[in-house]
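What TrEMBL records for this protein:
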- 1-74: domain 'Ig-like' (DOMAIN)
- 170-259: domain 'Ig-like' (DOMAIN)
- 262-346: domain 'Ig-like' (DOMAIN)
- 351-446: domain 'Ig-like' (DOMAIN)
- 524-613: domain 'Ig-like' (DOMAIN)
- 637-654: transmembrane segment (TRANSMEM)
Amino acid sequence: LFLGESVTFTCNMTAGYDSNWSYVFHRNGQHIVSKSDVSKFLQLDLTTDLSGRYQCSAYHKDSPGFIKQSNNITLSVAVSNQANVALQHDWSQIYSGEAISMSCEIKGGGNSKWEYEWRTTTSKPPSRERTVHIRASVFSSGDFWCRGRADPFSSTEWSQTCHLRVSDKPRPTVRADKRLIPVGGNVTLTCSVDNPTEWKYYWFRHTGNISEVQTVDEGKSENVISISQGGVYYCQGGRGSPVFFTEESHRITIEKRVSNMASVSLRPDWPVIYSGETITVRCEISGGRNNEWVYEWSKPISDTLPTNEYRIVDASESSSGNYRCLGRNKQDLYSSTEWSDITTVTVSAAPTPVLTVSPSWLSPGASVTLSCEVEHPSAGWRFYWYKAVPDFREHSVQIRWSYSLINDSFNNNRNSAASLTVSPEGQKQTAGFTCRAGRGNPKYFTDYSEPKFVWSAVSHPAASLSVSPDREQHFTSESVTLNCGGNSTEWRVMTPSRIYAWSSLYSYSEKVNGFTTEMIAYRPSTAVYWCESESEGCSNAVNITIHDGDLILVSPVHPVNEGDPVTLGCELRTGNFTSTVGFYKNDKLIQNTVRGELSIPAASASDEGFYRCEHSGKASPQSWVAVKASSSSLPESLIIGLVVGFLLTVLLVIV
Ligand SMILES: *[C@@H]1O[C@H](CO)[C@@H](O)[C@H](O)[C@H]1NC(C)=O
């Protein structure tokens, strides 16, 4: 038997004898004194010194000399050979920081008092306990052996080698079947660590706006969970008692889609805006309340805002772009709507309106229409109309203008339209106009258009432009004098080509002498001229044609009064006419003459038109001959004639 086991010897008499016997046991012939001396049983807990030859004797109680001897039994008490190092858990890998126990197990060691000896390759030999507790670390890696010692002279063999390998704390990995929880759906997360069945799994989540981490699942042996909430997730494995945790896994962010829809709208609703304008971009979310969300914008804003409005103030090129937004739940920032559809905002350079005037000349009974045009006319523009007056004080290349608002175009909707009608009754004189457009709140204005003129042949009370020689057509290199006729040096001769290049009249040489301008033109042109003063306004306007050919028409510069005689002439640059001169009105030959003159005894409205003359295959330019209705409906001579006739009749009656 092995050391530490117990054994019972029984002393039996052969059948046939009565029961009046007492028993004594012997080892190696020595009497064993036992408590139950007379009992037929001897029980022993085995120690090595109990090996030997056992025998029992039976004495008859009535005749003590009567003894019977038993057979011999040899008992040898053996010490076990087999010590073994056992780990508390059959884990395939031990990790740094884990608490483990190692026991020295002796087969058949029973309850006897063993003393344990340990041997190790590590630097720290365990204490002489049967079970040793170790806090695993890299230093615990090594080989271990143990043996048991029963007394100074007997011990087991050394156990087989127990290899203890400690590695660094593991870090699980998390995988998700998808990163986005669809509306009404869920996502499966898997936590992976080596030897998965040895662990329990712990799940954690945080939501970003609350720093606190929530425990989602604790100590499940399944390493998979299904989630329906967005957030940042991570897991840990745990085992043993007290629980040893792995490192935390890396974080995985799971977004959640809500069914609400985001959309971007503009206020005001202008897809094209201009540099400097102010516009509000709004993110609208269907369903739910406004204060439930934080709003995220993609480029060009790239920002998260607590309110749904983004104001583009003083827009510039960089404000152009495709605006998109989404809403995130304030309570759970990982729950969001889809990105809205794109709303494109284009920021353009401020437009300059273009003003057109039709017709350009005022004539009785016909009104003039001015139109102000801006790109994207539908986009909320209102138009403002101004009279443009040149500012001659600054002698810059370009004329500066001062603008005076035409009454009420600010307050009156009718006058803020894109066109303005000028009636000849309301506007008698030549005048410059300009327009600009405005919209929004605060009001944003475009630049002023280039000024445009409505010309009138009617003279200004203070100034009247006269031309010398007094005809509409002139030869190049001939001197033409334009006289403003007023009594102030403030008057300037104006012509459209001068408006934007005041000082350089490269095609002219001119002498400005007070209010008289003498010019010699070297290039052919047809232009309108008038005089203008900052304070007095404009004189009448005249057409002047400069011709580089040999033949010109001699026609009046000013409109002729109805009923007055008019003579049109034809003039050669040099020499005399050698054949007939033809006069044409509106491209139709009306007269052939040798004298080179066409006489109209009394001008009427029907004489108005374009005239030219032709001589030996050469033609003059054509000029407009205007006929002006006289101020009263009856011709003056007729009134005088009637009055004189009446007086003569009275006189005759008296006589
Ligand atoms: C000047 O010429 C234009 C056409 O070219 C004509 O309509 C206008 O009446 C002319 N003005 C005068 C004062 O003749």
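Using the three backbone atoms N, Cα and C, a Cβ is placed for every residue, glycine included.
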Local confidence of the domain 'Ig-like' (524-613) - pLDDT mean: 93
Structural state census, the domain 'Ig-like' (524-613) (DSSP three-state): 3 helix, 53 strand, 34 coil
Structural state census, the domain 'Ig-like' (170-259) (DSSP three-state): 3 helix, 47 strand, 40 coil
Counts by DSSP class (helix H/G/I, strand E/B, coil) across the domain 'Ig-like' (262-346): 6 helix, 42 strand, 37 coil
